[in-house]
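I have placed the structure first, in the form of C-alpha cells, so that the comments after it can refer back to it.
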Amino acid sequence: MQPTDPNKFTDKAWEVIVKSQDIVRAYQQQQLDVEHLILALIEDPTSLAVRILGRAEIDPIRLQQQLEAFTQRQTKVGKSDQLYLGRSLDVMLDRAEEIRERMKDGYISVEHMLLAFVDDERVGRKVLKGFNVDSAKIEASIKAVRGSQKVTDQNPESRYEALQKFGRDLTEQAKSGKLDPVIGRDDEIRRVIQVLSRRSKNNPVLIGEPGVGKTAIAEALAQRIVNGDVPESLKNRQLISLDIGSLIAGAKYRGEFEDRLKAVLREVTESNGNIVLFIDELHTVVGTGSNQQGAMDAGNLLKPMLARGELRCIGATTLDEFRKFIEKDAALERRFQQVYVDQPSVENTISILRGLKERYEVHHNVKISDSALVAAATLSARYIADRFLPDKAIDLVDEAAAQLKMEITSKPADLEAIDRRLMQLEMEKLSLAGEEKVAAPTKERLQRIELEITNLTEKQQDLNNQWQGEKQVLEAISLLKKEEDALRVQIEQAERAYDLNKAAQLKYGKLEGVQRDREAKEAKLLELQSQGSTLLREQVTEADIAEIVAKWTGIPVNRLLESERQKLLQLESHLHQRVIGQQEAVEAVSAAIRRARAGMKDPNRPIGSFLFMGPTGVGKTELARALAQFLFDADDALVRLDMSEYMEKHSVSRLVGAPPGYVGYEEGGQLSEAVRRHPYSVVLLDEVEKAHPDVFNILLQVLDDGRITDSQGRTVDFRNTVIVMTSNIGSEHILDVSGDDTQYETMRNRVMDALRSHFRPEFLNRVDDTILFHALSRSEMSHIIRIQLKRVESLLRDQKISFEISPAACDFLVEKGYDPVYGARPLKRAIQREIENPLATKILENTFISGDTIYIDQDENGLSFTNKAPVKVSVTQITT
C-alpha cells in the first residue's frame, strides 16, 4: 500500500509518515522502511504509541535504542532528495489496513501501525523478541487505552484515555500521600457524602469565598474514600478532578471540544458509578464551547446525565460566580445541591495550621513554632481584610518559612561583613604597596593591614566551617524527615492492603531507625544552639510572621510587636512634640485611641472618629498628621480629602466611584480606593461643613459599620482607620472667650448648638468625640516659633550653613506673627517675610557662604544678620 492519500489515515498517523521521511534523510539513507516509521512513532514520549507500549510492559527507550542500532547497520547512500518505499513497510501498511477493517474503524490509526509492526518479519519480531510480547498483548493494551471507542474521524486520539488526559485522580494522589491533611470541615464533608448518596440529582456544589477551603473538602473526601471512611455507595470509588482548561486547549475545530467532553462523560458512564467527577471552578463549564459557531454549551451536555443520576459530580465555585453564571441557567442550577462553605474561625484556622505544620516543615527544612501558627491566624484575621481564612494564614506561614529557608541557604551576615572588610583591606594593601617610595608610616600601616588580614582570614575560615557544619546538620535532618514521611505513607499503604507483615517491618524496623537518626541530629543541633554560637536559626517565630504581615500591609513590624501598653502611654507626649497647646484635644484623642486598643469599643467600627472644631490655624490638621505619624510611623499614612470639592450633589459619587455607565466607573472612588490601597491610615476630611449633605449618608456607614461598598460592589474596610473631620463652625464663639476658663461651658454649648443646627443628629451621634480647639495664646506661639525655625535650620543645613537666633529675635517674630483670629499661620508668614526673604538675598550676594554661622538678633530696624554671633544660642536652646 502506497502512503499517498492522507485521507485514509488519521492526522497523527499521517504526521508519523511525514516525520519518518526526515529520519531517513538524517541517517543518509534512501529507502523508507519499517524501522524509520516506528522511530517516528515513539519519538514523542507523550504519544499514544508510547502509552500503548507502556501498558504492554515494553520500555520505549530501550526499543528506540534497538531500532536506532538496527537502522545504523542499514546501507547509507549520502544525501539524496529521492526516497523509495521499502517492501517490508509496504507489507506492514497493507497489514495495518486489514487490521483497520477487522476492528471496523474508519481510518488507519497509530494503533493499527503498531499492531502490524509486531508481525513484521524483517524488524518487528527480531526487535520485540527480547521483550516477550506478541500481538495479543499489544491488542489487549490497545483495548485498555481505547475502550469501546472506534476511529470514526481523523483525530480519535484526543478521545482515548480522556479522563487520564484531562483529569487528575485525587484518590490515587491520596493513596500516595501527595494530598495535604484536611482538619475539620466535618459537617460540609458529611453533607457532600449525603448528597452523593442520593438516587438522582446526586451532585453537590461547594459554594464559598475564595480561599475558604472548597477544593480541600474534595481532597478530604478522596482521603476518606481511600481510608474506607465512607458509606458503602462510595467505597472503592475514584474521585477525579476534571481540568476544563486542558479540555478546551487545542480544540481548534467546531465540535472538537464536545468530542473530548463526550469521551470523558462516556468513560464516567461506563464505569457504572465507580467514578465521581470533581469540577473546580464549575462556572467555567457554563458557556464553554458555545463561542464556536454551531457549538454546544458544555453545561447543556452535562444536564441530562446530572438529572438522571448517571453522572455523580462535585462542583466548586465562588458566591459571585455562582450567582453570575449558574443561577442564570435555572435548569443547571436545580441539578446541583448547594453546600455552603463558610470561612473558619480563628480557633479552627489554628487547628488547620497545626495539621499542615509538618508538611511545611519538611518542605522548607525549618521548624515552625506554635506561637507562629497562632500569630498567623490572629494577625491575618485582624490585618488582612480582603482575603479569607485559612488561605491567608497558610500563605503567611508558607512565606515566613520560605524567607527563613532563604536565610539558611544564604551566607550569614557576620560572614558577609568579614568578606567585605577583607576586600577593602586587600585593595588598600595593593594601593599602598604600589607607591614607589614607601614611607615609615606607610610601612607601619601595611604591617597593621597584613596583621588584620591574617586575623580576619582565620576568623572567616572558622565561621565558614561553622556555617557549613550547621547547614549540613540541618540538611541531614531535612532528608531524614522526608524519609520518615515517605515511610509513613508506605506503612499506610501496607495497612490498607492488609499486608501487616510489611507494615510491621517498616514501622518497627526502618521507621524507628530513621527516627533515632533524626533525634541524634536534632540533639547535635541543640547542643550547638545551647553554646550560643550558632550562625543559623531554624525556627519560624511570631516575629517572622509579623514581618511578613508588615510587608503585605505596610504596618511597621516594630510597631506591631511593641508593647501596646507602653505605646499608648507615650501618646500624649508624642503628640505634644508637634501640637502645642490644645491639651483637651490631645487628651480626648489619646483616650479614644486607648479605649479602642484596649478592646473597650466595638471592633467593627473605626479605631476612632473625631470632629475637630475650632478657628483656623490652631492645629486641627497638624494633630491629624501627628496622629498618623505616631500610629503608622509615616505622615503619608494620612488620606486627606478637601470636602469643599464635594459641595455639589453630582460630585458626591466621586467618594465611592461613579455608578455603572458613567465616565470614570472603572477608576473607583477617591475615598474608597485610597483606603482600599492603604487600609491602615488616618482619614482627614477637611472643612467637612462645606460638603453636600448627601456626603454624610456615605459617612454614616463608615462611622457605624467600619466599611462601605464602592460602586463596583467591593467592600472597603475602615476598621483600622482613624477618621478625623475638621470644621470651623462656631469658631467665633471660641474666639470670644479665648483665655477665659469661666465661660468655657457656655462657649461649648453655643458651639454645639451651631453644630446641631448644621449637622443631622444621626451623624453627630456616630462620632466618637467632638473636640474644641482653643485660640492660641502668646506663650504657645513662642513654642510654635521654635518648631517653625527648625524647618529654616534644616534648609540652611543642606547648604552647610549654621543658623542661630537670639531670644529677642524670637519675641520680635512672635509679636509680628501673633493674631488670635488666624492662629499660627501668620507666624509662618512672618518667618518668611522677616528671615527667609533677607537670607535668600544675602546668600545670592555671597554675604553668607558654605561653612558660615548666621546669627540673627533684633535691632532698631527689625532683625540683623551677622556672620559671627556675639552670644550663640541655638534654636533648640531658645526659652520662652
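Glycine too: its Cβ is placed from the backbone N, Cα and C atoms.
Copied over from Swiss-Prot, here are the features:
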- GLY208, GLU209, PRO210, GLY211, VAL212, GLY213, LYS214, THR215: ATP 1 binding site (BINDING)
- GLY614, PRO615, THR616, GLY617, VAL618, GLY619, LYS620, THR621: ATP 2 binding site (BINDING)
- 394-530: coiled coil (COILED)
- 6-148: domain 'Clp R' (DOMAIN)
- 9-74: region 'Repeat 1' (REGION)
- 85-148: region 'Repeat 2' (REGION)
- 161-343: region 'NBD1' (REGION)
- 344-554: region 'Linker' (REGION)
- 564-775: region 'NBD2' (REGION)
- 776-880: region 'C-terminal' (REGION)
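Location within the structure of each feature annotated in Swiss-Prot.
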{"residue": "GLY208", "record": "ATP 1 binding site", "DSSP class": "coil"}
{"residue": "LYS214", "record": "ATP 1 binding site", "DSSP class": "helix"}
{"residue": "GLY614", "record": "ATP 2 binding site", "DSSP class": "coil"}
{"residue": "LYS620", "record": "ATP 2 binding site", "DSSP class": "helix"}
Within 10 Å of the Cβ of GLY617 (ATP 2 binding site), how many other Cβ atoms can be counted across all chains shown?
22
Tally the residues of the region 'Repeat 1' (9-74) by DSSP class, grouping H, G and I as helix, E and B as strand, and everything else as coil.
45 helix, 3 strand, 18 coil
For GLU209 (ATP 1 binding site): intrachain residues, at least 6 apart, with Cβ closer than 8 Å:
THR318, LEU319, GLN343, PHE388
Just give me the nearest neighbour of THR215 (ATP 1 binding site) among the binding-site residues THR616, VAL618, GLY619, THR621, Cα to Cα.
THR621
If we check Cα distances from GLY619 (ATP 2 binding site), which of the binding-site residues GLY211, GLY213, LYS214 wins as closest?
GLY211
What is the set of residues, excluding GLY614, PRO615, THR616, GLY617, VAL618, GLY619, LYS620, THR621, whose C-beta falls within 8 angstroms of the centroid of the C-beta atoms at the ATP 2 site?
PHE612, THR726, PHE773, GLY823, ALA824
For VAL212 (ATP 1 binding site): intrachain residues, at least 6 apart, with Cβ closer than 8 Å:
VAL341, ASP342, GLN343, PRO344, PHE388, LEU389, PRO390, ASP391
Select the closest residue to GLY211 (ATP 1 binding site) from the following binding-site residues, measuring between CA atoms: GLY614, THR616, GLY617, VAL618, THR621.
THR621
Pull the DSSP breakdown for the region 'C-terminal' (776-880) and write it out as helix, strand, coil residue counts.
54 helix, 18 strand, 33 coil
Counting by DSSP secondary structure, give me helix, strand and coil numbers for the domain 'Clp R' (6-148).
93 helix, 6 strand, 44 coil
